[in-house]
Amino acid sequence: MEESFPRGGTRRIHKSEKTLQQSVEQDNLFDISTEEESTKRKKSQKGPAKIKKLKTEKRESSKSVKEKFEILNIESLCEGMRILGCVKEVNELELVISLPNGLRGFVQVTEICDAYTKKLSEQVAQEEPLKDLVSLPELFSPGMLVRCVVSSVGITEGGKKSVKLSLNPKNVNEVLSAEALKPGMLLTGTVSSLEDHGYLVDIGVCGARAFLPLQKAQEYIRQKNKGAKLKVGQYLNCIIEEVKGNGGVVGLSIGHSDVSTAVATEEQNWTLNNLLPGLVVKAQVQKVTPVGLTLNFLSFFTGLVDFMHLDPKKAGTYFSNQTVRACVLCVHPRTRAVRLSLRPVFLQPGRSLTRLSCQHLGAVLDEVPVQSFFSKAGATFRLKDGALAYARLSHLSDSKNVFNAEAFKPGNTHKCRIIDYSQMDELALLSLRTSIIEAQYLRYHDIKPGALVKGTVLTIKPYGMLVKVGERIRGLIPPMHLADIQMKNPEKKYHIGDEVKCRVLLCDPEAKKLMMTLKKTLIESKLPAITCYADAKPGLQTHGFILRVKDYGCIVKFYNDVQGLVPKHELSAEYVPDPERVFYAGQVVKVVVLNCEPSKERMLLSFKLLGDPKKEPPGHSQKKRRTVSLGQLVDVKVLEKTKDGLEVAVLPHNIPAFLPTPHLSDHVANGPLLYHWLQAGDTLHRVLCLSQSEGHVLLCRKPALVSTVEGSQDPKSFAEIHPGMLLIGFVKSIKDYGVFVQFPSGLSGLAPKAIMSDKFVTSTSDHFVEGQTVVAKVTTVDEEKQRMLLSLRLSDCGLGDLATTSLLLLSQCLEERQGVRSLMSNRDSVLIQTLAEMTPGMVLDLEVQEVLEDGSVVFSEGPVPGLVLRASRYHRAGQEVEPGQKKKVVILNVDMLKLEVHVSLCHDLVNRKAKKLKKGSEYQAIVQHLEESFAVASLVETGHLAAFSLTSHLNDTFRFDSEKLQVGQGVSLTLKTTEPGVTGFLLAVEGPAAKRTVRQTRKDSETVDEDEEADPALVVGAVKKHTLSIGDMVTGTVKSIKPTHVVVTLDDGIIGCIHASHILDEVPVGTSPTAKLKVGKTITARVIGGRDMKTFRFLPISHPRFIRTIPELSVRPSELEKDGRTALNTHSVSPLEKIKQYQAGQTLICFLKKYNVVKKWLEVEIAPDIRGRIPLLLTSLSFKVLKHPDKKFRIGQALKATVVGPDSSKAFLCLSLIGPHKLEKGEVAMGRVVKVTPKEGLTVSFPFGKIGRVSIFHVSDSYTETPLEDFIPQKVVRCYVLSTTGHVLTLSLRSSRTNPETKSKITDPEINSIQDIQEGQLLRGYVKSVQPHGVLFGLGPSVVGLARYPHVSQYSPSKKALYNRYLPEGKLLTAKVLSLNRQENLLELSFLPGDTGKPDVFPASLGLPLLKQEEREMESEEKECKGEEEKEKKNQKRKGKRNQEGQEEVQLPGKEKSEPQKPQAKKQGKRRRRESASEQERGDKKQKKAAPSEEDDSGVEVYYREGEDEVEEMSVLPKEKPTRRAEVPRLQLSSGFVWDVGLDSLTPALPPRGESSDSEEDDRPQQSTQKKSRKERMLEKQKAEKELSRIEEALMDPGRQPESAHDFDRLLLSSPNSSILWLQYMAFHLQATEIEKARAVAERALKTISFREEQEKLNVWVALLNLENMYGSQESLTKVFERAVQYNEPLKVFLHLADIYTKSEKFQEAGELYNRLLKRFRQEKAVWIKYGAFLLRRGQAGASHRVMQRALECLPNKEHVDVIAKFAQLEFQLGDVERAKAIFENTLSTYPKRTDVWSIYIDMTIKHGSQKEVRDIFERVIHLSLAPKRMKFFFKRYLDYEKQHGTEKDVQAVKAKALEYVEAKSSVLED
């Protein structure tokens, strides 16, 4: 620095001069420092002279007077500027404030004061209104003067600038300090709380508490507050009465007289720093100019008064040195420029402004002359009445480009419109913009309900469509009002920017709420509109829309919230029982007013329109009335029936007309029914006239069409039809290419085949019938050709909720059937009347007449001749019935055409259960009867009959066979009624088809195979006789190809069949032989048999029915060549015998017929008469195949299978695709879990009934805390057979067994006997039970050890209950083997941290006392006294012993030590072992509880028990369950066993493996040999110590890398808080793809790392999130994430997960996460910046820009510059460099002094820009007026840059500029 910038002179800068230099925009000499009074005075006296000098120079040089008096504009407002404003509007959540010079700003509800904001937050938190919180309209009223501070000047979405203000005293009075407060000062404050003797007022001054005594407030409360107490947040003008404690306590007064006369004086020590707007001061006029005055006030401050704020009465009479009173309007925080007002209204503080608007608002004025023009702000005009008006710059022209300043010379005239009124200036505000002058509406006040308006579509949201009506006017069109009918996809019809014509429903100017409608009928209606109740005169006809449909009638709404009721009896000429089915909300209707009471706001309406008010002359009316007009509703009388419908006469004039049968009902099935029962003379009401041509009138009685016409919803011409409309019509004709649909008005359209149905359409006539009612959606309209295309797809034509429509169709259908019953009951016939009275659900006693061949039952007619009652074979319910028997039956349905009654004998239906049913609940039911449009089902729970519709839509008529319901099938129904009505049924709606269940086939009716399906092609052919015999050669044509056979048509039309096995000699596996033959191909074949169609058996040629069989053919080349004939074996009648020819193990080729999902097997055919099954588990050893067998196996495919054996129950071969199914030791097989026994293991089933068990020790190669968690019944598992002894297999699921080739790492080795254990080994296992002397611990399926209490924990808990709590059964721990005695099978273990390296079993947080050393020593002495064989240095080993499972139930009494006799011991051993086995089974049933979470994997260690070979003596052993195999033998406990007993008192139940059990003497010598002399023991000890020290040295080597889990565990003991070590440990497991272990390590890390190490813990959480993202499921990731958020700083976790998603390219998830982040952490700028970077990296620049705008709206102002700079940096790095520069330039033009932003800009330009650009920026920076220190920094950077990139000349140039700067500075100082 020194050599580049040599220091100047040594003159020290005086402190007061420093303040001078730091002034912001102009040298401000009025800043009063905190020095003593004298220097302040001196400086201030120097001040004016100097500033005058400066000003004159400036004026001479450049600035005109006018520019100096430039009025305020938005650009001149800046953050922190204090300004006086007037409340213009008060809304619920914001105040609109009028500011001087025609500006306006907004105050958010949270900017009133802190106390008010706190109350608001409380209200939001508890979600209900607080009593003491009042709304803004109660606190503020228009006209109030308020002191504000500008909090930000932002840009709205539309690109306009918006000023945000704050009234918070903390911000407004921030410039005051407690010391500066003086009596007499006038401040503003807000009430913060109500106390006993007064109010605490928030004046926002730090360190000062302001109190307003009650008596000082009384006058104000009485006069201004109408006697009410002051409220929290109330805004007050206060005078300081007294100041105590250096400003600590301030007393206030708000008396009107005190406040209104308050004047700011010099004694109050106001400075330019803390001068507040609203203060009244005494001033002298210094200078008078045409555009304003300069004032001098408080003796040495200067301020400006612009022309708008002169006193209008004294304007033009001001002179120099005149004394005036003025009010401070605003103070600029940087330039300290003060503006004042001389208007009298501001000179009485506390007084509200009275004139709030001008009467000509909205008026357009011609030729208004310009008064004066201000280049940065706008222009003033002189109105006709002499008043001044003002237009802002932006309102002087339509756009900046066309603006011409020349046009605004004084005197020029313009056309303009008054758009607003500025209360602060008492001026009208004008606009010269063409769009505003021509606008239909300027304000919400101008819009009247019922008016037609034009607007532009802004956006379409779920809550409606927003339409722009005027400059600042937006209206909403609710979804209901987007069209005459409900629109599903409005965005298809309306697009943003479209112009729409709407009608105003409601306009509330105060709330700025405008609601409109786009319903065409309302817009085009020529009828008078009702906008108030007074308009509604009786007899008036008008259009309205249905708001709600109730059971008592319809509520119809008009404009301006006027509504009326159409009672039920006025809905229609005919009674409407259920209005909700006929009318819908949103329907446009024509109504007539019956009467109206405006005072009560009540109106009665009617849909029954009175005759047209215009009366015709009587002569014409007669003729007119004789014709029937299109769309008219008439009553008709049936004259006669014809083939196609009814000939009728239209009443009252008997005009002939025709009503076709399909037009009698909306339901296809009900048309013929009504036709059948209607007879001549019957009258039909409300029939619609469809068409009329040459006296031929066509009628329709379809309710759907009638209601459409009534609601005027049916378009009369093509002009009224738009794409997207839903119309109701009927099928006029059906063609191959589509269906023609006609509508009531006579218009018709075509529904092409492609959009006729969502299902594939083969034939159009399968889907619709002529005359059927349909709903059509208009897709395209051609008005010229008068054509339209329609869609009948359900997905397009939805009528709302399917369940509702379904119920509506059902009730309509049943209602019509009920109508038919009433027609029947009018007939004379007894039979018909009886049928009419029979309703479903009735129980009858009947006599069986006969049982027919098909199994159905016919009952006798009883007293009514001709009555047919029958029960189908299914409804016989398997009962044996004989003629003459009496039976109780229930009626299912009455067939009113065939006059038959369907009944059922089912016991559940006849004996219904009386149980209360819940409406809306779901019930399981069984289909009992099917009609065309509905089904009858019985509820499984109660037996009640319920009807449900088979369709959920008028168009929903086609069903594939697979979708059709069958009788006996299970369905899920939701009840809609709980009492059967007149129809006899409960009404219900069917649940999803997925909940249907297949009909259970009845055992008694079972044939050879219940799944047999006859090929329909074969059934047809079976009728023809043939003369073929076996061996004949025939020729024929292939008719159809099925997966396992081909149907052939032979000569004479005989049908033959070729099985897949008879096509090729050698069938390649995996191919489909039937695919070799093509339909239509001619083939030659040999007859090899004949199949009988009834029994499906192959008959011998001698059988009389052979000539009626279907010939079975073969086209195998080998059979066609030679004469030898293969005949099918027709003599063994039983299919069982046929399959005996196959031996187990034999391989054969079979052909896949189908996959049976329910039974989980593949059905195959080996030959035409031999079938087989392959259980799913025998199809593959791959889980993938077992999960989706349909993907692996194709129907008809040839498979190579191995015979397992015949299925004894049926004539099937059981086959396997994975070789012979031998469950022998060492085999791997697939099984299915059938039972999960907590803490024990799994039971697995195999095909053919084999069962196996898996111990928890064999579930995995790595034990977990919850080993059985992932297993559920029916899960497929891959098993290894460990042993087959007994009838229950012993299995293992360890992958080291089932997949040995993967060489997976075995964390926990198998421990099958004590031989597998070494002393000192660390092993894991599960706690068995807590006993009086220690903890029993399982190490393997039959190995248990004991850890005595001193070895369980280093603590000694006083309560033994703690052991049960922290060591529950099944807890996973690590144990060290202290000693083992293989002869005695004793095993002692330790869980101590010192032995295992794992945490203690009890957490340190319990604060338990440590176990004392003496206690351990006493125990060791006791050991020696008892003749212990082995002694250890630390006396810390305990004995374990082999024991059985279920140990917790074996009592261990304390004192007996006598040794029982041997024989008794053995016998008891066996019995005890068996007991334990059954105890274990009982234990199985106990549900497992997870161990307490805080102790998960606390590392407590484990102890093993060992099992010997099986014993065969099953029969001898009592108490054994017959189903359980022999348990592994256990060590015997003599009756009084105690763990302290010497070894000699223990006897093994059976000798150890490989030793004879002849006598116990064998054991004695071995025991004696184990005793060693002291010397030997010493030698051993030394040897062991040497070995130990060698190992320790190796471990001490610092360069040694951990190579195993043990190494990691050891390293973690020394540094448990190192996350890097934990992460390496996880990585170590992941390299071996042991994901579970890596998870376990992470969980251990989270428990081990100290809670203070937050960052270390977070590192592990992040690693775990990474692991779950790569290897886990979305669900597991979410679980870890939710936990991580709980335990860490949520923001960090969210950001880490977002990074993880981004790195793994899960962009959608990342995007969703960022959106969650922005909702939750919208105040964190890091989040916004991260999201912006994410979007830019994805190339979504536009989205990133929007994010920046949102960030600026959400973040506090102080963060804005940083955020903008960050986004600009991101743009430089990832986006558009030009845009980045623009952002920086914009920011720096607003904040030129932000050196940090300049610095970043320079860095970025150096990186990404050209040298010229860099130099340009440096040049600009070094010419800023910044502090010398900062300037030095920039010069230094410039110099460094030039040294690096420039020439010597460039370097010198920079130095010269630096020198120039220094000289300029010093010369200023000398002045």
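Any Cβ shown, glycine's included, is placed from N, Cα and C.
Curation does not apply to TrEMBL; its annotations are automatic.
Going by TrEMBL, these are the annotated features:
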- 40-56: compositional bias 'Basic residues' (COMPBIAS)
- 1423-1433: compositional bias 'Basic and acidic residues' (COMPBIAS)
- 1464-1474: compositional bias 'Basic residues' (COMPBIAS)
- 1475-1484: compositional bias 'Basic and acidic residues' (COMPBIAS)
- 1518-1528: compositional bias 'Basic and acidic residues' (COMPBIAS)
- 1576-1586: compositional bias 'Basic and acidic residues' (COMPBIAS)
- 80-168: domain 'S1 motif' (DOMAIN)
- 184-255: domain 'S1 motif' (DOMAIN)
- 278-343: domain 'S1 motif' (DOMAIN)
- 362-433: domain 'S1 motif' (DOMAIN)
- 450-519: domain 'S1 motif' (DOMAIN)
- 539-608: domain 'S1 motif' (DOMAIN)
- 631-702: domain 'S1 motif' (DOMAIN)
- 724-793: domain 'S1 motif' (DOMAIN)
- 1031-1102: domain 'S1 motif' (DOMAIN)
- 1145-1218: domain 'S1 motif' (DOMAIN)
- 1226-1294: domain 'S1 motif' (DOMAIN)
- 1320-1392: domain 'S1 motif' (DOMAIN)
- 1-58: region 'Disordered' (REGION)
- 1412-1532: region 'Disordered' (REGION)
- 1545-1586: region 'Disordered' (REGION)
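Annotation: stretch 80-168 has the most Cβ pairs under 8 Å to the domain 'S1 motif' (278-343), among 80-168, 450-519, 1145-1218, 1320-1392. For the domain 'S1 motif' (450-519), the model's average pLDDT works out to 89. Secondary structure of the domain 'S1 motif' (362-433) per DSSP (helix as H, G, I; strand as E, B; remaining residues coil): 10 helix, 36 strand, 26 coil. Among the listed stretches 724-793, 1031-1102, 1226-1294, 1320-1392, the one sharing the most Cβ pairs under 8 Å with the domain 'S1 motif' (631-702) is 724-793. Taken residue by residue, the domain 'S1 motif' (1320-1392) breaks down under DSSP into 9 helix, 39 strand, 25 coil.
Counted over residue pairs 6 or more apart, the CB atoms of the domain 'S1 motif' (450-519) and the domain 'S1 motif' (362-433) come under 8 Å in fewer than three pairs, which marks the two as apart.
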